[in-house]
Amino acid sequence: MKNLLGSTIKDLENVALDYGQAGFRGRQIYNWIYNYRNKKKNIDQIEVLPLDFRKRLKDDGFKVSDLSIHERNLANDGTLKLLLSTEDNESIECVGIPTEKRLTACLSSQVGCPMDCKFCATGKEGLKRSLKVSEILDQILFIENEMNRKVTNIVFMGMGEPLLNIDDLLLSIRSINEDLKISQRKITVSTVAVPKMINKLSAKSFKILGNCQFTLAVSLHAPNQKIRETIIPSAKNYEIENIIEDCKQYVRDTGRRVSFEYLMLRGVNDKIEHANELSHLLKGFQCHVNLIQYNQIDEVEFQRACLKDLQSFQSRLSHNGIAVSLRKSRGLDKNAACGQLRQNARN
């Protein structure tokens, strides 16, 4: 353990004791990291600690951040996108999305993404590696420091497939909940759906967290297998009917409603017959559909569904008894919206 971010109070007390310090020094480090959310990122800046203790920690390679800000982009609607550099010279992006009462942090879980969804910029360069717990948590602290307010909600909808980094994902959720004091019910984990991993998510959540109170959002984006395979290559390995069955089991195991993300693509999946087919697929269990307007990226020629088709689609789902809402896009002018995050080339 060299990065102290992500450590429990017991971990930090043990670090202090290992260096011949009183246990309360570990609690001081804990407060400095989590309660004060200090903008300073170096061990030797923890001024509540004795100078000699700080020096020994730093000399031994301990730190409180693996990331640095390479670029800031503030959209007209107040959305902030940060391009962060990692210690191994990779790049990740995270987004702060403010409203009057909330600040939502959209977090990355991997450097790049292996899923290569055709409508998404993130997977165009493939997967480099998964993020560590400290790198996930640090995104929250950078957003808070840059926007000068506390994050209230978390969505794992940035770069990467969270369920392919499941252990660090769940350990970061534990720290977000226990250390940053953000309720699990204000955390959403989005997945394009990986075989066997939805069931594994619920089982591991109970093992690591003791419960499973966060929201699972499945990027469905199609009412049938044929359409889904054309826009999500990995769908060939996971039949849509099996995804739904695994989601039903997830609801039974956790008691939590599943959300389905549905990207509206003109002429692809946006017609009334698609709404009826989706309604039939989802009928009979606790779920919710988020309709998402497509956000343009350079490499593909998909287009947004027209407003009339979107409204008709939403109305038909509602008429068919499916809970549905329309997600508003944020940060479009700075490529900070859903599907637009990528490893931007750095100068």
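Quick reminder: no glycine exception, Cβ is built from N, Cα and C everywhere.
Record features, source Swiss-Prot:
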ACT_SITE  Glu93  active site, proton acceptor
DOMAIN    99-333  domain 'Radical SAM core'
DISULFID  Cys106-Cys338  disulfide bond
BINDING   Cys113, Cys117, Cys120  [4Fe-4S] cluster binding site
BINDING   Gly160, Glu161, Ser190, Ser219, Leu220, His221, Asn295  S-adenosyl-L-methionine binding site
ACT_SITE  Cys338  active site, S-methylcysteine intermediate
Per-residue Cβ crowding (10 Å cut-off), top of binding-site residues Ser190, Ser219, Asn295: Ser219
Binding-site residues compared (Cys113, Cys117, Cys120, Leu220) - the one with the fewest other Cβ atoms within 10 Å: Cys117
Residue from Glu93, Cys113, Cys117 whose C-alpha is spatially nearest that of Glu161 (S-adenosyl-L-methionine binding site), among the recorded positions: Cys113
Mean predicted confidence [pLDDT] for the domain 'Radical SAM core' (99-333): 95
Pairwise Cα distance for Cys120 ([4Fe-4S] cluster binding site)/Ser190 (S-adenosyl-L-methionine binding site) [Å, integer]: 14
When distances run from the Cα of Cys106 (disulfide bond) to each of the recorded positions Glu93, Cys117, Leu220, the nearest one: Glu93
Proximal residue to Ser219 (S-adenosyl-L-methionine binding site) among recorded positions Glu93, Cys113, Cys117 (C-alpha distance): Cys117
Three-class DSSP secondary structure - Leu220 (S-adenosyl-L-methionine binding site): coil
Count of other CB atoms lying within 10 Å of the CB belonging to Glu161 (S-adenosyl-L-methionine binding site): 28
Structural state of Ser190 (S-adenosyl-L-methionine binding site), classified by DSSP into three states: strand
Nearest-integer angstrom distance between the alpha carbons (Cα) of Asn295 (S-adenosyl-L-methionine binding site) and Cys117 ([4Fe-4S] cluster binding site): 14
Of the binding-site residues listed as Gly160, Ser190, Leu220, His221, the one whose CA lies nearest the CA of Cys113 ([4Fe-4S] cluster binding site): Gly160
